[in-house]
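According to Swiss-Prot, the active site, proton donor/acceptor annotation covers Asp172. Per Swiss-Prot, the feature ATP binding site maps to Asn113, Pro114, His115, Thr145, Glu177, Gly202, Ser203, Gly204, Arg266, Arg272, Asp426, Gly427, Glu428; the stated evidence is sequence analysis. The substrate binding site annotation in Swiss-Prot covers Gly170, Gly171, Asp172, Gly173. Taken from Swiss-Prot, the feature domain 'DAGKc' covers 103-241.
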Amino acid sequence: MDFGLTNNSIKAFEDQKLLHIHQSCVSYPSDTLICSIPVSAKNVDLNIPFKNILWVDKTGPNSVTLSYVSRSSKVATKCWVDFVENSDQFCEYLLDVAYKGIKRSRRFIVFINPHGGKGKAKHIWESEAEPVFSSAHSICEVVLTRRKDHAKSIAKNLDVGSYDGILSVGGDGLFHEVINGLGERDDYLEAFKLPVCMIPGGSGNAFSYNATGQLKPALTALEILKGRPTSFDLMTFEQKGKKAYSFLTANYGIIADCDIGTENWRFMGENRAYLGFFLRLFQKPDWKCSIEMDVVSSDRTEIKHMYEKSKNLAPMSESSDSDKTVSTSPESHLLTFEINDLSIFCAGLLPYIAPDAKMFPAASNDDGLIDVVIVYSKQFRKSLLSMFTQLDNGGFYYSKHLNYYKVRSFRFTPVNTGKRHYFALDGESYPLEPFECRVAPKLGTTLSPVAGFQLLDI
């Protein structure tokens, strides 16, 4: 479709979902005026995917202001577009294609942990993410958390009907708080229908990367803004009569010790866990435990086939209460392990436990199963180093040094060895005492592109 006063100067290519604007029609806030005509300092044509368009406003019969996320600078950008044949028609068309099937001007409550990770969450929100939402005419109510569990207490009492979503600007710890605040409500089933999203701003940003595939806050914000309600599994965690929810991992062994045992290194960001890992490689492994698991499969070929099948299924855009029960098929069986030579026990729901750590290559966001990795301490350094070098792409899935399971639930009992060890739930420290986890299929909701988390090849 052609929208310019001259042929092909302003054109929408619907098959490519792309807007093309000739450089002669574009000017930016920093541009100068020559004879009252804006002269662009960027002497290139503008090509914007429909998805990247945030908003468009009429400024005159033949001119508009256009806000979009730049593919090159990856930030919210604003420009003026002149020589439009009919600005009313142009604005209506662009907003229709930019938000096709998606609610415009969403309302969010935003939790920001100003002290989490490297302490940059507030700056990240204000300089990178917020401009995307404000340019899209979204309403954002910001809450700066002041203490531990502050976000949890607000989420527990939140009027969920007043918002279209929750934004968590921080790391996985803040997201864990929000999830558990919703989980403590009497109406938790209804509350969990409210999408909970993450803008990366902490030392661990795993959920954000799993849900959007983006690292940059502005691009993450764009994916959320243009995202559709998407279900994801949770785990219920029970310990001494207390209940919590997990969206990511439950782990014991060297990974938990590297995570929780390096809390005082949070200023290092995601690098703290890697330093902790290498330091602990030179310590004698002495993790012991008893595990009982309701196993669906321990055959990696079969697990891969299950995963490939789930990849080919059409993504679900909305979850219903009827979805939130554990399927009775495929069949499962109980297995019990007494492990005196453990290196890693890690149970998870999503592929990435960090943006560069694909711990569960066969995990999908809503398959109703928990992925479990067990690594024994035989050939301790060799097996862990081999695994570590392939962690970024999940290549260790085929390693002979690990055991991989798909389970519905498990009961875990640590054995006291006299050494100080840790247990971590979503990267948060929990008592090192017996506990039980069960999958809660499709209980959580987020805003994700194409109504589904990206499932990559194993």
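Just so you know, glycine gets a Cβ as well, placed from its N, Cα and C.
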DSSP three-state call for Glu177 (ATP binding site): helix, strand or coil?
helix
Among all chains shown, work out which of the binding-site residues Asp426, Glu428 has the most CB atoms within 10 A of its CB.
Asp426
C-alpha spacing of Gly171 (substrate binding site) relative to Ser203 (ATP binding site), in angstrom:
6
All chains considered, the count of other Cβ atoms within 10 Å of the Cβ of His115 (ATP binding site) is 15
Considering only the binding-site residues Asn113, His115, Glu177, Asp426, Glu428, which fall within 10 Å of Gly170 (substrate binding site) when distances are taken between Cα atoms?
Asn113, His115
C-beta crowding around Asp172 (active site, proton donor/acceptor), within 10 angstroms
27
Which Cβ among the binding-site residues (Gly170, Gly171, Gly173) has the fewest C-beta neighbours inside 10 Å?
Gly173
Under 8 Å Cβ to Cβ from Glu177 (ATP binding site), same chain, six or more residues apart: give me those in sequence order, or none if nothing qualifies.
Phe111, Asp149, His150, Ala151, Lys152, Ala155
The predicted model's mean pLDDT over the domain 'DAGKc' (103-241) is 96
In chain order, residues whose C-beta lies under 8 angstroms from the C-beta of Asn113 (ATP binding site), counting only those at least six residues away in the same chain, are Ala121, Thr145, Ala151, Val169, Gly170, Gly171, Gly173, Leu174, Gly201, Gly202
May I have the DSSP-based helix, strand and coil counts for the residues of the domain 'DAGKc' (103-241)?
57 helix, 35 strand, 47 coil
Mapped DSSP class for Glu428 (ATP binding site), helix or strand or coil:
strand
Should any of the binding-site residues His115, Asp426, Glu428 have a Cα within 10 Å of the Cα of the residue listed as 'active site, proton donor/acceptor', which are they?
Asp426, Glu428
CB contacts for Ser203 (ATP binding site) [other CB atoms within 10 A, all chains]
25
